[in-house]
Amino acid sequence: MEHIARFFFGVSGNVIALFLFLSPVVTFWRIIKKRSTEDFSGVPYNMTLLNCLLSAWYGLPFVSPNNILVTTINGTGSVIEAIYVVIFLIFAERKARLKMMGLLGLVTSIFTMVVLVSLLALHGQGRKLFCGLAATIFSICMYASPLSIMRLVIKTKSVEFMPFLLSLSVFLCGTSWFIYGLLGRDPFIAIPNGCGSFLGLMQLILYAIYRNHKGATPAAAAGKGDAADEVEDAKKAAAAVEMADAKTNKVVADDADADADGKSADDKVASQV
């Protein structure tokens with residue numbers, strides 16, 4: 001019975017994870033149509049690619065027996081993420097392309113090192129421990145990536161940038177693999193996905209709290225969420241503070257300008273008469 005339950009949660013995790021892997025398709029279709037990556041960051045796709053590669057390697061029978069479902073979904077995810085990275089490299093500007101190539105080189109180096117060490121220097125339980133630790137570290141990093149979005153939701157009191165279905169999928173995916181890991185008594189699967197389940201739950205709670213809030217304006221939210229340009233963010237924040245401090249003076253100045261415009265118009269009419 002336990003074996004059947006574990007298989008069920010593994011298959012469920014495969015289906016939900018596939019949805020998560022395919023969720024950026026709209027973004028990349030936009031990149032292809034505009035032939036530009038605009039302000040999108042390619043870092044998450046490189047990190048997800050590394051996580052998928054390490055997890056797929058960990059699930060192989062000679063590394064971790066009875067975890068083939070881990071390999072199937074992460075192998076599929078590796079292909080999907082690799083396609084995203086290639087598209088990004090094609091349409092990115094030179095500076096972003098060089099950064100992506102550097103990250104891709106780092107991803108390839110880390111994965112190659114893990115594979116070679118596990119094959120040539122380790123065996124049995126030692127191999128499983130080494131590969132499991134590597135996969136766990138990067139899985140937790142991947143699940144922690146939405147923390148910046150959660151911070152943005154709290155600051156703006158708006159869930160505009162945190163879609164409900166995506167948050168629900170993160171929660172369900174993490175929960176499915178967490179239970180799968182528990183049933184298989186595998187901490188390298190249970191721990192990172194337990195973290196993912198918890199963070200997904202936190203996103204759902206934030207959604208329940210702020211779903212009816214108007215929140216900040218889209219322009220203000222975009223300004224606060226632009227992590228790629230810290231200098232510009234600082235300027236916007238300073239301008240917002242200055243506007244708040246000088247609100248009364250601004251109203252008076254506007255009224256004075258309106259009076260001046262009205263007087264100028266009257267003088268112009270009088271001169272014409």
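Glycine is treated like the rest: Cβ placed from N, Cα and C.
Summarising the annotation, Swiss-Prot assigns domain 'MtN3/slv 1' to 7-95. Looking just at the domain 'MtN3/slv 1' (7-95), the mean pLDDT is 90.
Annotation comment: Swiss-Prot describes 131-214 as domain 'MtN3/slv 2'.
Sequence annotations record features per position, and here Swiss-Prot assigns topological domain 'Extracellular' to 1-6 (among others) based on sequence analysis.
Positions annotated as topological domain 'Cytoplasmic' by Swiss-Prot: 28-42 (among others). Look at the topological domain 'Cytoplasmic' (28-42): DSSP puts its residues at 7 helix, 0 strand, 8 coil.
Nonlocal intrachain contacts for the topological domain 'Extracellular' (64-71), taken as residues 6+ away from its ends with a CB within less than 8 angstroms of a stretch CB, comprise 7, 10-11, 13-14, 55-58, 128, 131-132, 180, 184, 186, 188-189. Summarising the annotation, Swiss-Prot assigns topological domain 'Extracellular' to 64-71 (among others).
Per Swiss-Prot, topological domain 'Cytoplasmic' is recorded for 93-101 (among others). Remote same-chain residues near the topological domain 'Cytoplasmic' (93-101) are listed as 36-37, 42, 46, 85 (criterion: CB distance under 8 Å, separation of at least six residues from the stretch ends).
Residues or ranges marked as topological domain 'Extracellular' by Swiss-Prot on the basis of sequence analysis: 123-128 (among others). Counting only same-chain residues 6+ beyond the ends of the topological domain 'Extracellular' (123-128), those with a CB under 8 A from a CB of the stretch are 58, 62-64, 188.
Residues or ranges marked as topological domain 'Cytoplasmic' in Swiss-Prot: 150-163 (among others).
Sequence-distant contacts of the topological domain 'Extracellular' (185-188) (same chain, at least 6 residues past either end, Cβ-Cβ under 8 Å): 58, 64, 67, 128, 132-133, 135-136. The annotation topological domain 'Extracellular' is assigned in Swiss-Prot to 185-188 (among others) on the grounds of sequence analysis.
Here Swiss-Prot flags 210-273 (among others) as topological domain 'Cytoplasmic', drawing on sequence analysis.
Here the transmembrane segment (7-27) has long-range neighbours at 40, 45, 48, 69-70, 72-73, 76-77, 80-81, 84, 166, 169-170, 172-173, 176-177, 179-180, 183, meaning same-chain residues at least 6 beyond its ends whose C-beta is under 8 angstroms from one of its own. The transmembrane segment annotation in Swiss-Prot covers 7-27 (among others).
If you look up Swiss-Prot, you'll see 43-63 (among others) marked as transmembrane segment.
What Swiss-Prot records for 72-92 (among others) is transmembrane segment, and it gives sequence analysis as the kind of evidence. Residues 13-14, 17-18, 21-22, 24, 28, 31-32, 35-37, 40, 42, 45-46, 48-49, 51-53, 55-56, 59, 100-101, 104 of the same chain sit 6 or more residues outside the transmembrane segment (72-92) yet have a Cβ under 8 Å from a Cβ within it.
The transmembrane segment annotation in Swiss-Prot covers 102-122 (among others), and the record cites sequence analysis as its basis. Residues 42-43, 46-47, 49-50, 53-54, 57, 63, 85, 89, 130-131, 134 of the same chain sit 6 or more residues outside the transmembrane segment (102-122) yet have a Cβ under 8 Å from a Cβ within it.
Residues annotated as transmembrane segment in Swiss-Prot: 129-149 (among others). Within the chain carrying the transmembrane segment (129-149), a Cβ under 8 angstroms from the stretch's Cβ atoms is held by residues 44, 47-48, 50-51, 54-55, 57-58, 63-64, 110, 114, 117-118, 122, 161-162, 170, 174, 186-188, 191-193, 195-196, 199, 203, 225, 227, all 6 or more beyond its ends.
Taken from Swiss-Prot, the feature transmembrane segment covers 164-184 (among others), and the record attributes it to sequence analysis. Long-range contacts of the transmembrane segment (164-184) within the same chain: residues 2, 5-6, 9-10, 12-13, 16-17, 19-20, 23, 66-67, 69, 143, 146, 190-191, 193-201, 203-204, 207, 211, each at least 6 residues beyond the stretch ends and with a Cβ under 8 Å from a Cβ of the stretch.
Counting only same-chain residues 6+ beyond the ends of the topological domain 'Extracellular' (1-6), those with a CB under 8 A from a CB of the stretch are 179-180, 183-184.
Within the chain carrying the transmembrane segment (43-63), a Cβ under 8 angstroms from the stretch's Cβ atoms is held by residues 21, 24, 69-72, 74-75, 77-78, 81-82, 84-85, 88, 100, 103-104, 106-107, 110-111, 114-115, 118, 127-128, 131-132, 134-135, 138-139, 141-142, 145, 188, all 6 or more beyond its ends.
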